[in-house]
Structures are given as C-alpha cells and as structure tokens.
Ligand code: SAH
C-alpha cells in the first residue's frame, strides 16, 4: 500500500481521475492532512465510496514517535522516530526567537564518511521518501503543538545524495496548499556534491544553500571529509557563485571547529582569504564530541579568536549556539545509543 504523503497534489489528481473520481478531491484530502487529520474516515466532506477506495489503496503514514527528549535548558526537543520498516531516524525541534525550526533527516544513516560525524559510522541504510521527510515536519508540529516555520536539512544523511526525494519534499512544504513554509525559511546543507548543487540551482527553488566546508584547503579537507577526494573546494565555490547569481541568496559555509585540526589563526586567515568577495556567512560550529572518535572541541578563546579574524576580514561569522546540550543532540547519537541498548 502506498503512503499518500509520497504523492503531491498533481499526482493525487491523476490517481483520482484514473479511478473515476473528481480531481478537486485532492485539494480536500490534502487540506485535512495539513489540519492534522491522518485518517480518511475522518475526512468529513469525502463520500463514503471514495473513502473506501482511498483506504484500500493508500495509508497516511507519519513516522511514529519512539521517544522525545526535551532540553531543560532551551526547550529543544529531540525526537526519535520509527519508520514503517522499523528503521529509526532523528529530528530535532529548536525554539528560536524567529520561530520553531525543525532539523530533518534525509536518509537512514549516511555514506559520506565525514570523520567527526556519528550519522555516517555504519553507512547508509536507505534514502527517505519525500513523504517520510515531510512526515517529520508534520510530527514535529503535533509534538510541539505549534506551527513549525523553519526547516533545516541538517539531520542524518546527505540531502543531495537523495536528490529527487529531497526536491519533491522542498516543493511540498513550500506549496500553498501544504505547510506553506517559505523557501527563505528553508536551509539545505550539503558536504558539496558539485553536480547536484548545479542541478539545485536550476530548480527555481530559492532555499538557502549551506556548504559543509570545515577546511580551507583540499589537502586539509581530505583528512576529515572523504568527499574532498572527489570534488575540490574551487569547484564547490564556483557552484556557490553560480547559486548566488541564480537565486540572489547568500550562501552559508559551515565550519566545525576541531581542536588542533582546523582551528588555528592561520586556518582562520586562510579561510578569510578563500571566501573574500563571496556573498556569504560563516557558521562556526564547535564540534560535538562523540565517543567514537577523538576529535575535541576548541576552547572558547580559540573559537572567539577564529570568529574575530573572519569578521576583521569583512566576513560575516557567527558561532552556532549549542542547542539541547543536555540531551545528546548531535546528529546520529540518539539513534546509535538506542540501537546499542536494544542490541
Ligand atoms: N550531509 C549534510 C548535512 C549533515 S549535518 C552536510 O554534510 O552538510 C549538518 C552539519 O553538521 C554539517 O556541516 C556536518 O558536517 C556537521 N556535523 C556533523 N557531525 C558533527 C559533529 N560531531 N560536530 C559538529 N558538527 C558536525
């Protein structure tokens, strides 16, 4: 049976027509779903025989909540969710002044192999469908009891390694009949799959592009990110310039600071030089220490100095405020510890 959430309006209209139903029903069905009604039987304006048809062809599957961990510090909620096939994923709800933000996963696991990241340790299990990504946002709205107004694709997985489903998801959440979340309120983070960044720039989507850079040179980057063997920083920056030109959007560079690896003043200076002249913003992320590796967080002073060097060079930089530090919120840690305990 198919998950209706994997269908968009157009596809449902086609299905309805093929099944001798009026296509306007699609709008009614989606409007119920986006009101939080996940059962066809409760969709009051649908005729009985249509409900039966829908019930025998579709289900509405929203990932199930296994656990919610709430931070006492800042209200961050980490959800451990179960998919229909039993796979577990994580999504995080963060409460910012500018609105509730959800961090969604796009794959079960990840195959990019970044050395500091917990999500990738056991590789990629599978891609999430567009409906499973959307389902995380719907579930978050329910758990939070408030509108989710911002989305970051920064959970487990590499969004551009699941390109079609991710783009379909982006259009769905943006749709007026859907959650109507503006593209400016959506950030897609990638480790830098160059051809896919080019494709994304041609989609007519104006989401914010975030690049996980983490190093100023290819040589350094290769030590922590295997993807750097495939694409060079200069190729990535060329795609960024193209993305900026097409979308008029400022690009974000993520830079996870790891003690003695990429956090020296020389690193900061070289990074400033590299990014000079690009419409961008640097997001410094003090590395989240995980027990599977020995990467250590830079000291507060080092982090401050690093940010200051960038700023002095005219590059906008902010240090990412750590959210939910009391609830083990780094990517992939929750799923891993849960699976370990079960095993
Ligand atoms: N695959 C995408 C999205 C994943 S995670 C990407 O690579 O961008 C979002 C960000 O968190 C990425 O910049 C990633 O490199 C970073 N990250 C992953 N694990 C981390 C850790 N332990 N500490 C700090 N940042 C981490």
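Quick reminder: no glycine exception, Cβ is built from N, Cα and C everywhere.
The feature active site, proton acceptor is assigned by TrEMBL to 90. According to TrEMBL, the feature active site, S-methylcysteine intermediate maps to 331. Look at TrEMBL and you will find 110, 114, 117 tagged as [4Fe-4S] cluster binding site. Summarising the annotation, TrEMBL assigns S-adenosyl-L-methionine binding site to 157, 158, 189, 212, 213, 214, 288. The domain 'Radical SAM core' annotation in TrEMBL covers 96-326.
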Measuring CA to CA, name the entry from the recorded positions 90, 110, 114, 117 that ends up nearest residue 213 (S-adenosyl-L-methionine binding site).
114
Please list the recorded positions from 90, 158, 189, 212, 213 whose Cβ falls under 6 Å of any atom in ligand 1.
158, 189, 212
So which recorded positions out of 90, 110, 114, 117 end up within 10 angstroms of residue 288 (S-adenosyl-L-methionine binding site), measuring C-alpha to C-alpha?
117
Let me check the 10 A CB neighbour count of residue 212 (S-adenosyl-L-methionine binding site). How many other CB atoms are there?
25
Which whole number of Å gives the largest C-alpha distance between any two of 157, 158, 189, 212, 213, 214, 288, the residues noted as binding S-adenosyl-L-methionine?
18
Pick the one among the binding-site residues 158, 214, 288 whose Cβ has the fewest other Cβ atoms within 10 Å in this structure.
288
Return the member of 90, 189, 212 nearest to residue 114 ([4Fe-4S] cluster binding site) in space, with distance defined Cα to Cα and candidates limited to these recorded positions.
212
